Each structure stands twice: as structure tokens, then as C-alpha cells.
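Undergrad: As annotated in Swiss-Prot:
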BINDING   Asp267, Asp278, Glu455  Mn(2+) 2 binding site
BINDING   Asp278, Glu416, Glu455  Mn(2+) 1 binding site
Amino acid sequence: MRGSGRSDIVISAVDALDICITLARNDCDKYPGSVAAKLGVSSGLIYLVGQPTINWGDSDQPRPFRQRRYFYYLSGVEEADCYLTYDIKNDLLTLYVPDFDLHRAIWMGPTLTVKEARERYDVDQVRYHASLKGDIQRWADNYNKTSLLYILHDTQKPQVLSNELRLDDELLLPAMDAARGIKDEHEIRMIREANRVSALAHRKVLENVLRMSTEAEIEGLFLDTCISHGAKNQAYEIIAGSGENAAVLHYVKNNEPLQGRQLVCLDAGAEWNCYASDVTRTFPLAADWPTARARDIYQLVEEMQEECIKRIQKGVRFLDLQVLAHVIAIEGLMRLGILKGGSVEEIRESGASTVFFPHGLGHHVGLEVHDVSAKRLTAVEGDKEYYSSILVPSMSHCPCTLSAPLLEEGMVVTVEPGIYFSRLALANARKLAFAKYINFDEAEKYIPIGGVRIEDDILVTSSGHENLTTAPKGEEMLEIIRRGIDS
């Protein structure tokens with residue numbers, strides 16, 4: 001049933017297992033992705049568990065459904081309570097759908113039937129869940145003495161009728177992580193579409209922001225625009241922080257008034273067919289920058305982002321771009337009199353710039369907004385000392401880590417520099433060794449700004465890069481705000 005070429009299992013000379021499943025006859029009709037791993041096997045059974053239906057605690061109301069991303073990556077199925085097996089030796093992909101439940105069908109509508117699943121998904125077999133236990137038992141009886149059953153987690157062991165299964169719960173997860181780090185054409189299209197909808201929503205906010213009075217209105221309009229354009233789900237909780245709230249990296253309360261605030265940091269991205277976008281724009285609550293300080297910080301972050309984006313290409317180490325961003329930030333903050341008393345390199349090595357730019361420069365984007373990827377087993381000796389001053393591990397995601405591989409064609413990464421003036425961070429910095437490099441009196445004048453972050457999703461291409469994010473920024477952003485006044 002599955003299409004030829006990429007949908008077949010291929011075991012190469014290096015024992016790479018490539019599994020690509022075509023999503024046919026549905027709204028995507030594309031490959032959802034592939035799994036590549038040096039499993040070193042020609043037989044075995046891959047077993048994946050989809051997201052079950054779960055109620056809220058102490059409630060009869062179900063939680064919103066969100067498919068497990070590893071399951072979706074291999075199957076393309078966005079239905080609850082499904083299972084998937086792949087018999088490597090026999091090249092047999094089987095989807096298990098929920099058994100028919102009359103009570104549920106009356107209340108909620110029927111679940112996916114075998115016939116519907118066959119028409120929608122290009123798999124070899126579709127069976128009801130009642131067959132799952134017996135099918136796995138038969139596979140185990142025939143093959144499990146010499147072949148393993150591969151699962152993602154120890155908590156996802158299948159039930160069988162008898163006997164202990166020979167399982168492996170260590171190899172499949174890193175194999176899928178490595179595959180997900182490189183996006184194919186279908187995945188790039190999904191991320192591009194998510195960005196298209198996000199750009200529409202960001203633009204709509206800019207057109208109307210001067211008529212708004214609360215952060216909640218910003219969040220509401222963004223959601224309304226996304227849903228009305230077919231993107232029901234957000235890739236993450238919307239961050240609409242005004243004033244000092246813009247200095248809170250993951251501020252999601254979005255419940256304060258806008259009056260008297262200078263800027264809004266809007267970090268919001270739609271999801272499209274389970275694929276994320278991640279977009280941040282910072283804009284004034286006026287037709288122009290309300291203060292020279294706000295303008296200067298925006299232009300500094302703009303420079304940080306532009307200089308880093310122009311250097312993205314395959315073979316680049318992403319952490320080197322983070323170093324560059326910190327160097328540009330330090331130079332700019334020294335010009336503004338916020339950093340002082342040392343050379344750029346001395347200040348960078350001290351870690352003082354992390355008070356103002358505490359997070360990583362970016363991360364992978366895909367089925368998760370902070371997507372997974374392959375990791376090097378060891379970092380190059382000496383790296384840790386060089387990068388440690390500008391790297392806060394708890395606030396950094398791959399590829400902004402020592403274990404990250406070099407950028408490769410097909411990776412999608414964010415570039416999201418920011419400069420923040422957090423009361424808490426500044427108060428804590430007074431107690432640290434690098435305090436001598438910070439002019440606290442000057443820095444505290446910038447606290448009303450909160451923070452500025454600009455974030456785009458960048459595809460690494462064969463010849464360099466492509467910016468997938470089209471949300472307005474810079475002068476175009478200001479022009480839209482101004483036109484909104486007159487409309």
C-alpha cells in the first residue's frame with residue numbers, strides 16, 4: 001500500500017534504518033517525516049502509543065487533545081487512542097484504531113473506523129484495538145527470541161497474553177530525535193504555513209493595538225485571527241507582556257492594562273498540522289518609539305538578529321552565533337553607558353552580559369516549538385570554558401548547547417536575541433563578581449522598557465538560509481501601527 005521509494009525500509013551499509021510513511025488522501029498528502037537510526041538490525045518490532053483520551057483531575061471533562069509528537073511523526077495520525085507497530089523484517093506498518101463505542105459515539109461522535117483510516121492514511125494494515133494484544137503476542141512467539149521490540153519509554157510496554165517480552169527502550173528515542181532534526185519538504189511547508197498564519201495575526205494586532213487597553217485584548221485578537229484562518233491551536237502559550245512584563249521571558253498572564261506602558265513583547269506562534277511556528281515582535285504602544293531609550297534598545301536587538309541571521313549556513317556552529325550576539329550586545333550597551341570598565345572580551349568572559357541577555361540565541365522548531373534533534377556524544381575539548389560565560393544551560397535549548405552538532409541543511413532554528421531590564425536580575429547582579437562592569441544607575445533607567453526580543457524561524461538551505469517568518473518588524477511594523485490610527 002505504501003508508496004515506493006521513501007516509504008520502504010532501507011538498511012544501508014552502515015545499518016541505517018529509514019522509515020518514511022506517506023500520509024495519503026488526507027489534507028496533507030505528504031510525508032510526515034522519517035526515522036533514521038543505526039539500530040544495526042534487520043528485524044524487530046517498533047511499537048508506538050498515541051495520546052490517550054484523558055480527563056482533567058477530579059473531573060468528567062476531557063483535556064484538550066494533543067497528539068504525541070513521536071507518534072504523529074511516524075504515522076501522521078491526529079486521532080486519540082491509537083497505536084502503531086512496524087514489523088521491520090516483514091516491512092509491515094499497522095495502525096490500530098479505537099474499538100467502536102456506541103455510548104461515546106452518541107455523545108461525542110464516532111471514532112475513526114478501519115475503513116476511514118485506510119482511506120486517509122497510507123499504511124499496510126488498519127485494525128481495531130481489540131486485535132493489538134494478540135497481534136503482538138503472535139509476533140513475539142515468532143520473532144522475539146531473536147529480535148527486540150523497540151519502545152520509546154519503559155512506561156509504554158505493550159500488554160501480551162503470556163511470556164516476557166524482550167524489549168529495548170534506549171535506541172528508538174535518539175533515533176527519532178536525530179531524524180526530526182532535519183526537516184523534509186513536507187515539514188518545511190507545514191512550518192511555512194504556520195508562519196504565514198502567525199504573520200497575519202501579528203499584523204492584525206499591529207493594526208489595532210492603539211485601540212486596545214489590555215494585554216488580554218492582544219492575546220484575544222491574535223487567537224481570533226489564527227482560528228479564523230484555520231489554525232485552531234497555538235504552538236505554545238501566548239506571551240503578551242507590556243511594560244516591565246516584557247522582561248519576563250515566559251510571561252503568560254496577559255491580564256494587565258496597557259496604559260502608561262512603552263512597549264509590548266508579543267511572542268506568539270500558530271500551529272499548522274501539528275507543526276509549530278515561533279515568532280516574537282516587540283512594538284511601541286504609540287505611532288513611534290516613545291523614548292530614545294526604547295528606540296536604542298530595539299535597534300540594538302535588531303542589529304544582533306540581523307548579523308546572526310546573515311551568518312546562518314550549513315557547517316556553522318550555532319553557539320558561535322550566540323557569542324557574536326553577546327559581543328554586539330556588549331558593544332551596544334557600552335555605547336549606552338550601561339556596561340563599563342573593561343574591554344568587550346573581558347566583559348563577555350565575566351558573564352555580565354547574561355544579566356541583559358540570559359537565554360539562548362535559538363532552538364530547533366518542528367513538531368515541538370522547542371524541537372528535538374541529534375546530539376553529539378562529546379563536546380570538543382576546551383569548548384566549555386570558551387562558551388560557559390554566555391551559556392546558561394537551564395535557559396538554553398539545542399542547538400544552543402555544547403552537545404549540538406553543526407548546522408545542517410534542512411534544520412529549522414529560531415534566531416531570537418533579546419535585551420531585558422529585569423528588576424530581579426539587576427538586584428541579583430549587584431551581588432556577583434561581574435557587578436563592577438555594570439552601571440546600575442544607568443541600567444535602572446531602562447526598567448520601564450521591560451525588554452525587547454525579535455524572533456524569526458530560519459531554514460538552513462544548501463546555499464545558506466531562508467527566513468520562513470514574514471511577520472512585520474522594524475520600520476514596516478511602525479508603518480502598520482501608524483496606518484492603524486487612520487483606519
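Heads up, the Cβ atoms here are built off N, Cα and C, so glycines get one too.
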Undergrad: Determine which residues of the same chain, besides Asp278, Glu416, Glu455, have their CB within 8 A of the center of the CB atoms at the recorded Mn(2+) 1 site, and list them by sequence.
TA: Asp267, Gly269, Val279, Thr280, Gly362, Thr414, Val415, Arg453, Ile454, Asp456, Asp457
Undergrad: Could you tell me the C-alpha distance between Glu455 (Mn(2+) 2 binding site) and Glu416 (Mn(2+) 1 binding site) in angstrom, no decimals?
TA: 4
Undergrad: Between Asp267 (Mn(2+) 2 binding site) and Glu416 (Mn(2+) 1 binding site), how far is it from one CA atom to the other, in Å?
TA: 10
Undergrad: State the Cα to Cα distance, in Å, between Glu416 (Mn(2+) 1 binding site) and Asp278 (Mn(2+) 2 binding site), rounded to an integer.
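TA: Rounded to the nearest whole number, the Cα-Cα distance is 10 Å.
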Undergrad: List the other residues in this chain whose Cβ sits within 8 Å of the Cβ centroid of the Mn(2+) 2 site residues Asp267, Asp278, Glu455, in sequence order.
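TA: Neighbours found: Ala268, Gly269, Val279, Thr280, Thr414, Glu416, Arg453.
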Undergrad: Using CB atoms and a 10 A radius, I'd like the single residue among the binding-site residues Asp278, Glu416, Glu455 with the highest neighbour count.
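TA: When each Cβ's neighbours within 10 Å are tallied, Asp278 tops the list.
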Undergrad: I'd like the Cβ neighbour count for Asp267 (Mn(2+) 2 binding site), meaning other Cβ atoms within 10 Å of its Cβ, all protein chains included.
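TA: Result for Asp267 (Mn(2+) 2 binding site): 24 neighbouring Cβ atoms inside 10 Å.
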